[in-house]
Amino acid sequence: MAATTLPSGEPASEDTSLYPIAVLIDELKNEDVQLRLNSIKKLSTIALALGVERTRVELIPFLTETIYDEDEVLLALAEQLGNFTSYVGGPDFAYTLLPPLESLATVEETVVRDKAVESLRQIAVLHSPTDLENHFVSLVIRLASGDWFTSRTSACGLFSVCYSRVNPMIKSELRNFFRNLCQDDTPMVRRAAAGKLGEFAKVVELDSLKNDLIPMFSSLAQDEQDSVRLLAIEACVSIASLLTHEDVNDLVMPTLRLCTSDSSWRVRYMVADKFTELQKAVGPEITRIDLVPTFQSLLRDTEAEVRAAAANKVCDFCRNLCPPVASGALLNDPNAAQTSNAVDSIIMTSILPVVKGLVADTNQHVKSALASVIMGLSPILGKQRTLDHLLPLFLTQLKDECPEVRLNIISNLDCVNEVIGIQRLSETLLPAIVELAEDPKWRVRLAIIEYMPLLASQLGVQFFDDKLNSLCMTWLTDHVYAIREAATLNLKKLVEKFGAEWAQTSVIPKVIVMARDPNYLHRMTFLFCINELAEVCGPEITAKTMLPTVLSMASDSVANVRFNVAKTLQKIGPIVAQSAAVKSQIKPVLDKLNTDTDVDVKYFAAEAMSIIACN
């Protein structure tokens, strides 16, 4: 077998210090992808063995020349090189890492290019101003003027990291190249430029922003490809936040108005998704004049996705309409009071009527999005308006056929509770919840049971005991098995929230009554409850309060009840294993059941005895 040779042509055998790079070469040329990948991941170890000079002179050129591999290997290499500065001699030699990363930034696979750009951005900040101008800017320009769109898309992400540290002449050149990318023939390049326009805007001078970048933004926002136009919306947020109120109105708003009524729903969706960010960027005055009508339009959009995105922003939009004022400011400042009245008027006359329409929207995603935020309007509108205008909407949503809508309302009851108080809440929303809990359709009842632990945590133990405890106990005797099963699990979750002491006073006594119920199904439900409660109540309460009743049911007239007694004893036996009850009470009962005339009772008794004996 021929000896391995280094990039310089030297045989590896001549110097043992060359062995690490010889191994690297062998592994990088190996047919096994995993072996090549492992070799790339060990680059730092190899670089340490070689030293900084030989890493720069031999290893980096070798890596640059051999970038023809599986995407997985190239991705690992791009990631490694981003943290490789210390292995080539520190920031003074960071520019030596640029050639392999430049090659990686031009490959076809997007994730490899993105990782190469990320590493280049990391390295850029380590360059001195001189190295940045001599090496990094040259790389950016080569990528920006490359023949393949892949290199031009990668270039878009590099302008912002070098712009602020170069001389005015180079800055002008960089702006020109970025303008060319914004006007590129290839949509993918324009898309990349639109995506990076916002961060580039943050580093350019104000005059350049107005004279150069805003025309680029306007061009991208009216691009023939909607995938480009929607990315321009993100840039709009950054640009607007950098300008004065007058400049925003004159330079940005004409283009933004076009975007809000764009023919593509994807562009309108992006406007809705970024709406509160746009609102903060343009300021309250432009918001009241321009964005309120726009927001109404988005809430009424023909596409459900757009309406849902806008509905998600209702609460934040209303909250941002008026910036927070210091305590007492409304009393002392007539302008503040006037502004507050104007905001109230906007919400009540422009936003709330549209919101009322969305409550009955035909699309469940829209209704669900609205339900997730609508409760947050209560603190904004205050007690009386919540009672007059929002509570009817909450009641409608509580009865919605979509379970997610109901869940979102129940999940946020605490917002309303803080505004109108627990008493008014119990008088208004609670009857609707109770009505659903007694609905003829068992699936509706099941949905309310599943929400009950969440509702309990929202309302607190005192309110729950007064208003909802009896309802939870009623479900245990429901004629549908799925409801009874869900009700037992519900009790367990409630005990987990409120504690074992609460269970001892508010739950267990009511459950034990079921053990004497004439209906054998209810007696079995008692046993199912004990199966769940024993685990959360602990050994002491189980042995003292629940076990005696379970043992007394071993002589029940119904075989199904008797074998469920055996199964319950099997379940709680390990829980009370440390007490004397196992030997003195449980085992004698199981021995008796093991001689039962019913074959199923005998089987489960024997199984329980076996499990308890093991424990």
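Easy rule for this one: first residue shown is 1, then count along the chain.
Note that Cβ sites are derived from N, Cα and C of the backbone, with glycine treated the same way.
Copied over from TrEMBL:
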- 97-135: repeat 'HEAT' (REPEAT)
- 174-212: repeat 'HEAT' (REPEAT)
- 213-251: repeat 'HEAT' (REPEAT)
- 252-288: repeat 'HEAT' (REPEAT)
- 291-327: repeat 'HEAT' (REPEAT)
- 351-389: repeat 'HEAT' (REPEAT)
- 390-428: repeat 'HEAT' (REPEAT)
- 429-467: repeat 'HEAT' (REPEAT)
- 507-545: repeat 'HEAT' (REPEAT)
- 546-584: repeat 'HEAT' (REPEAT)
- 586-615: repeat 'HEAT' (REPEAT)
What does DSSP give as the helix, strand and coil breakdown of the repeat 'HEAT' (291-327)? 24 helix, 0 strand, 13 coil
Sequence-distant contacts of the repeat 'HEAT' (351-389), meaning Cβ under 8 Å and at least 6 residues beyond its ends, amount to 292, 295-296, 299-300, 304-305, 307-309, 311-319, 396-397, 400, 402, 404-406, 408-409, 411-413, 415-416, 418-420, 424, 428
Same-chain residues at least 6 beyond the ends of the repeat 'HEAT' (429-467) with CB under 8 Å of its CB atoms are 391, 394-395, 398-399, 403, 406-407, 410-411, 413-414, 416-417, 422, 475, 478, 480, 482-483, 486-487, 490, 493-494, 496-498, 502, 506
Hey, which bits of the same chain come close to the repeat 'HEAT' (390-428), Cβ under 8 Å, at least six residues off its ends? 355-356, 359-360, 364, 367-368, 370-372, 374-379, 381-383, 436, 447-448, 451, 454-455, 458-460, 463, 467
What residues in the same chain, six or more past the boundaries of the repeat 'HEAT' (213-251), come closer than 8 Å to it by Cβ-Cβ distance? 175, 178-179, 182-183, 187, 190-191, 193-195, 197-202, 204, 206, 258-259, 262, 264, 266-267, 269-271, 274, 277-278, 280-283, 285-286
